[in-house]
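Asker: One structure, pasted below without further comment.
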Amino acid sequence: MEISKVRIQDIPEEERPRERLIRNGPESLSNSELLGVILRTGSNKENVVSLSSRIFSEYSIKQLSLANVSRLMKVHGVGKAKAAQIAAVFELARRLETFVEEPKRKVCSPKDVYTLMYPKMREQKKEKFITLCLDTKNQILKEEVVSIGSLNASIVHPREVFKSALMESSASVIMIHNHPSGDPSPSREDIMVTEKMVEGGKLLGIDVLDHIIIGEGRYVSLKDEGFVR
């Protein structure tokens with residue numbers, strides 16, 4: 001039987017492009033195999049492996065990247081949906097070439113954190129608990145909302161607080177939450193949560209640099225108050 005007539009599901013699983021990509025990484029696939037993963041299905045007359053190989057026999061990768069949807073649809077077996085998929089992939093590749101990553105924001109003091117977070121938190125009607133995940137230069141890797149509602153030491157768990165920090169390989173975190181009343185004075189619960197997270201961070205090798213409470217036009221740093229050691 002011609003390979004073009006073989007259904008993709010009849011090809012041994014370990015030989016299918018998608019499964020090989022998952023197992024060995026995308027660099028292990030040829031151009032036509034990568035295209036097959038993108039297209040997913042072939043036509044009524046040929047499977048996706050054969051279709052992708054034929055496309056690359058008619059076009060170089062450069063020509064394919066420059067072809068618009070109308071031109072791609074002239075390839076036998078390529079309809080509007082497949083043409084759009086191909087065009088979208090190459091457009092993403094072009095955008096990657098011109099992508100410039102924004103410089104990471106650096107925080108060096110409680111005032112820096114307050115200046116950054118106050119505009120986002122001043123009109124919140126409920127308490128919002130946020131962590132800033134930082135690298136070794138105190139540059140922000142990620143800002144994560146951990147919980148919304150009254151801060152409670154029995155509810156806020158280190159697992160949620162440090163989840164993003166672990167995923168981002170953060171060196172440290174800063175915790176922030178607001179007091180909708182406008183008074184940033186720490187409650188007993190605030191202090192308990194702080195102490196609990198500081199201990200949790202020590203176990204995980206992630207420093208808790210501070211816990212900052214934001215009120216109306218002012219803030220309190222629990223590090224400055226002596227509760228973060």
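Cβ atoms are placed via backbone N, Cα and C, with glycine included.
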Asker: In Swiss-Prot, the Zn(2+) site includes HIS177, HIS179. Which of ASP190, ASP207 does it also list there?
Answerer: ASP190
Asker: Using a 10 Å radius around its CB, how many other CB atoms surround HIS179 (Zn(2+) binding site)?
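Answerer: Taking every protein chain into account, the count is 21.
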Asker: So what's the average pLDDT for the domain 'MPN' (106-228)?
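Answerer: Mean pLDDT for the domain 'MPN' (106-228): 93.
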Asker: Which residue counts does DSSP yield for the motif 'JAMM motif' (177-190) in the helix, strand and coil classes, in that order?
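Answerer: Helix, strand, coil within the motif 'JAMM motif' (177-190): 3 helix, 2 strand, 9 coil.
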